[in-house]
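Q: Before I ask anything, here is the structure I am working with.
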Amino acid sequence: MEKYVVVLAAGKGTRMKTKLYKVLHQVCGKAMVEHVVDAARAVKPSKIVTIVGHGAEDVEKVLAGKSEFVMQEEQLGTGHAVMQAEGQLAALEGATLVVTGDTPLFTSETFEKLFAYHEEEGNAATVLTAEAPDPFGYGRIIRDDQGNVLRIVEQKDGKPEELKVKEINTGVFCFDNQDLWVALKQVGNDNSQGEYYLTDVLEILRKAGKKVGAYKMPDFSESLGVNDRIALAEATRIMQRRINEGHMRDGVTFIDPATAYIDADVEIGNDTVIEGGVTIKGHTVIGSDCLITSGSRIVDSQIGNGVTVTSSTIEESIMEDNTDIGPNSHLRPKALIKRGAHLGNFVEVKKAEIGENTKVGHLTYVGDATLGKDINVGCGVIFSNFDGVKKFHTTVGDKSFIGAGSTLVSPINVADHAFIAADSTITKDVGKYEMAIARGRQVNKKDYWHKLPLSEDEEWK
């Protein structure tokens with residue numbers, strides 16, 4: 001059976017009170033509609049068609065290469081939205097799944113089971129349903145004695161006995177593709193909203209003698225639709241729990257999973273420990289046997305094996321195996337920390353390479369620089385890389401020593417085995433085995449204390 005997917009993503013979402021197109025609001029680092037499309041792609045459909053409207057260009061950019069797109073110029077209901085895909089799907093044989101782009105929690109497993117059930121039962125239409133703890137506000141699924149779906153009753157229209165039903169419509173449907181397009185031509189807009197409803201297709205098919213069934217999924221929470229910021233927060237909470245539990249099943253330890261925020265595309269190796277209050281975002285990859293402590297934030301970075309990150313921020317950077325950083329340090333974009341290097345507290349590195357086994361202990365800024373291996377950088381060292389107009393680069397060779405409080409004014413080259421005395425301001429190259437001293441000589445003024453002025457109530461002692 002060929003599979004097709006239609007994603008409805010044309011609504012504006014006024015209840016979100018936002019300038020951002022609703023389905024582009026993120027849940028754990030991915031737009032809601034991208035979660036939906038990625039789940040659909042996992043069932044390997046022959047086509048995915050996304051119906052776009054408001055913010056179409058932005059949606060197409062997010063889903064580039066993952067879907068075809070059709071514009072719905074006027075938003076005239078769910079049935080009207082599906083009709084826009086006629087040119088892409090109407091001539092095809094198979095089954096079509098219809099899902100909205102603001103339901104980010106549906107899994108590929110649920111879609112796969114819906115397709116399979118639809119095919120096994122020989123249905124013309126299959127409604128994805130769930131048992132709701134509190135079904136108020138949802139459309140209720142009314143079945144006949146054989147379990148076939150008779151109708152979907154909305155809250156405002158239901159009789160008392162119908163409203164006792166807890167099986168609800170999730171808004172996801174699977175149709176025989178040919179039956180769908182025949183029925184859509186019969187859907188009218190004779191209702192208070194003047195819209196074309198996709199749910200009318202079910203009644204049209206049933207009256208035509210076609211079989212309409214329902215597949216009840218076990219997890220009601222998957223069906224959460226996001227229409228406001230409260231629902232967005234709830235979807236994020238559920239997705240975060242799902243992500244963290246997945247990592248834990250793969251061998252990652254979470255000290256307090258409820259407070260660890262991990263984006264959907266993050267990868268973490270086994271035997272790594274994530275403490276509470278950690279944020280890991282984007283396409284970050286973390287190796288095995290690492291420790292990420294409270295207060296750390298890692299974005300779009302690669303962390304090797306055996307790395308310790310202590311209450312630090314890492315952005316678009318690489319830390320190789322057996323390195324450590326922190327507390328309270330910051331890797332800015334394009335920092336490369338090579339194997340065995342140590343960065344202590346209050347160290348900032350930007351667009352710089354720190355070589356193997358090099359130590360940068362504390363209170364240091366390294367920007368636009370390449371440091372070799374086995375270097376010791378003392379406390380309070382500054383790589384002065386900016387003249388107010390341009391950035392300049394400095395290179396420090398292997399096994400060099402940079403004394404505390406020194407400033408290296410770029411661009412300069414410090415050779416292998418060079419020494420820079422503490423509190424020096426270095427403006428010229430330093431050769432191999434040389435020691436550079438660039439500071440004023442110390443002068444001790446004898447009896448200077450006695451030359452200081454006294455207040456009226458003081459005397460020299």
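Cβ atoms here come from the backbone N, Cα and C positions, even for glycine.
What Swiss-Prot records for this protein is below:
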{"type": "REGION", "residues": "1-229", "note": "region 'Pyrophosphorylase'"}
{"type": "BINDING", "residues": "8-11, K22, Q72, 77-78, G139, E154, N169, N227, R332, K350, Y365, N376", "note": "UDP-N-acetyl-alpha-D-glucosamine binding site"}
{"type": "BINDING", "residues": "D102, N227", "note": "Mg(2+) binding site"}
{"type": "REGION", "residues": "230-250", "note": "region 'Linker'"}
{"type": "REGION", "residues": "251-461", "note": "region 'N-acetyltransferase'"}
{"type": "ACT_SITE", "residues": "H362", "note": "active site, proton acceptor"}
{"type": "BINDING", "residues": "A422, R439", "note": "acetyl-CoA binding site"}
Q: Select the most exposed residue of N169, N227, where exposure means the fewest other Cβ atoms within 10 Å, treating these as the binding-site residues.
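A: Checked N169, N227; of these binding-site residues, fewest Cβ neighbours within 10 Å: N227.
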Q: Let's check the environment of H362 (active site, proton acceptor): how many other CB atoms sit within 10 Å of its CB?
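A: Taking all protein chains shown, H362 (active site, proton acceptor) has 17 Cβ neighbours within 10 Å.
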Q: Which bits of the chain, at least 6 residues beyond where the region 'Linker' (230-250) starts or stops, bring a Cβ under 8 A of a Cβ in it?
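A: Result: 16, 25, 27-28, 32, 35, 104-105, 221, 224, 257-258, 260-264, 266, 268, 270, 274.
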Q: Out of L8, G77, R332, Y365, A422, give those binding-site residues positioned within 10 angstroms of D102 (Mg(2+) binding site), comparing C-alpha atoms, in sequence order.
A: L8
Q: Where does K22 (UDP-N-acetyl-alpha-D-glucosamine binding site) sit in the DSSP three-state scheme?
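A: DSSP call for K22 (UDP-N-acetyl-alpha-D-glucosamine binding site): helix.
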Q: What is the separation, in Å, between the Cα atoms of A10 (UDP-N-acetyl-alpha-D-glucosamine binding site) and N227 (Mg(2+) binding site)?
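A: Between the Cα atoms of A10 (UDP-N-acetyl-alpha-D-glucosamine binding site) and N227 (Mg(2+) binding site), the distance comes to 13 Å.
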Q: Could you tell me the mean pLDDT over the region 'Linker' (230-250), as a whole number?
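A: Averaging the confidence scores along the region 'Linker' (230-250) gives 98.
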Q: Listing them in sequence order, which of the binding-site residues L8, G77, G139, R332 have their Cα within 10 Å of that of N227 (Mg(2+) binding site)?
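A: Checking each Cα against N227 (Mg(2+) binding site), there are no hits.
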Q: Far apart in sequence but close in space: which same-chain residues, 6 or more away, have a Cβ under 8 Å from K22 (UDP-N-acetyl-alpha-D-glucosamine binding site)?
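A: Correct list: G11, K12, G13, M16, M32, D102, V226.
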Q: For Y365 (UDP-N-acetyl-alpha-D-glucosamine binding site), which DSSP three-state class applies?
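A: In the DSSP reduction, Y365 (UDP-N-acetyl-alpha-D-glucosamine binding site) maps to strand.
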